[in-house]
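Quick look at what TrEMBL annotates:
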DISULFID  CYS47-CYS60  disulfide bond
DISULFID  CYS50-CYS68  disulfide bond
DOMAIN    33-68  domain 'TNFR-Cys'
REPEAT    33-68  repeat 'TNFR-Cys'
SIGNAL    1-27  signal peptide
TRANSMEM  209-235  transmembrane segment
Amino acid sequence: MAPRARRRHPLPALLLLCALLARLQVALPIAPPCTSERHYERLGRCCSKCEPGKYMSSKCTTNSDSICLPCGPDEYLDTWNEEDKCLLHKVCDSGKALVAVDIGNSTAPRRCTCMVGYHWSQDCECCRRNTECAPGLGAQHPLQLNKDTVCKPCLAGYFSDTFSSADKCRPWTNCTILGKKVERHGTEKSDVICSSSLPSRKPPNEAQVFLPGLIILLLFTSVALVAAIIFGVYYRKKGKALTANLWHWINEACGRLSGDKET
Ligand SMILES: *[C@@H]1O[C@H](CO)[C@@H](O)[C@H](O)[C@H]1NC(C)=O
Ligand SMILES: *[C@@H]1O[C@H](CO)[C@@H](O)[C@H](O)[C@H]1NC(C)=O
């Protein structure tokens, strides 16, 4: 019975299929634009949204598309939009330890981050100063930007004697290399203390201290010597005249001084 029925009515079924396909073909070109994020529906038609960096000055009408205008300075829009104005860039307030990590532009918002030495805290929604590691602890490196300090105990042979949010544990001083002996062993909080220098290293050190003094002394002596020679030569030539002049000058000066006192 069924095969007979198919043979008898193939045309209506085909017609139905064709009609369905035709409807689909007509519907397909219209449907996608308005479902895309770059279009919107208004007054029964599909209109363009504004591209990032522009806002919608006027919506579309029955016979014209939307009017988009660029964002002003210090403004942005980072999506395809129907906004009637752009968004204002935020301020990275240095007073709140914020600094711009990306200055932003008309299509991308400015991004702020905490300054070096600070990290973002969800609790206060603000930048907090990084934790300082106590003596005996050192900051784990590499330091993570915008992350709180991770403090680690100093390993054997290393120490930290300060509170610091950035300093690593430092290695103990190697007294052997300095040609000295260990006077006090190091701890995680203090450096090794080396004994005072060995005798063989002392003389050069003393020479270094006394050398400038010696040079000054030599300089003085030579200046005095030269002055004495010059004076000697001069005195031999015009000795008497000079002494007379000198005495005259001294007398005059004294006389003026005593005169000043009397008046
Ligand atoms: C805006 O900044 C974004 C992100 O930094 C960048 O990809 C884009 O090219 C910039 N656009 C312009 C117009 O400078
Ligand atoms: C000091 O340095 C020398 C030579 O580099 C090395 O052999 C020695 O192990 C070091 N000593 C310490 C305590 O680190």
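Cβ coordinates are placed from backbone N, Cα and C, and glycine is handled just like the others.
Automatic prediction, not curation, is the source of TrEMBL annotations.
This view paints the features noted in TrEMBL onto the structure.
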| residue | record | DSSP class |
| --- | --- | --- |
| CYS47 | disulfide bond | strand |
| CYS60 | disulfide bond | coil |
| CYS68 | disulfide bond | strand |
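Each residue contributes its Cα atom, and for CYS60 (disulfide bond) and CYS68 (disulfide bond) those atoms are 10 Å apart. Here the disulfide-bonded residues are CYS47, CYS50, CYS68, and the one with the most other Cβ atoms within 10 Å of its Cβ is CYS50.
The number of other CB atoms found within 10 A of the CB of CYS60 (disulfide bond), across every protein chain shown, is 19.
Taken as a whole, the domain 'TNFR-Cys' (33-68) shows an average pLDDT of 93 in this prediction.
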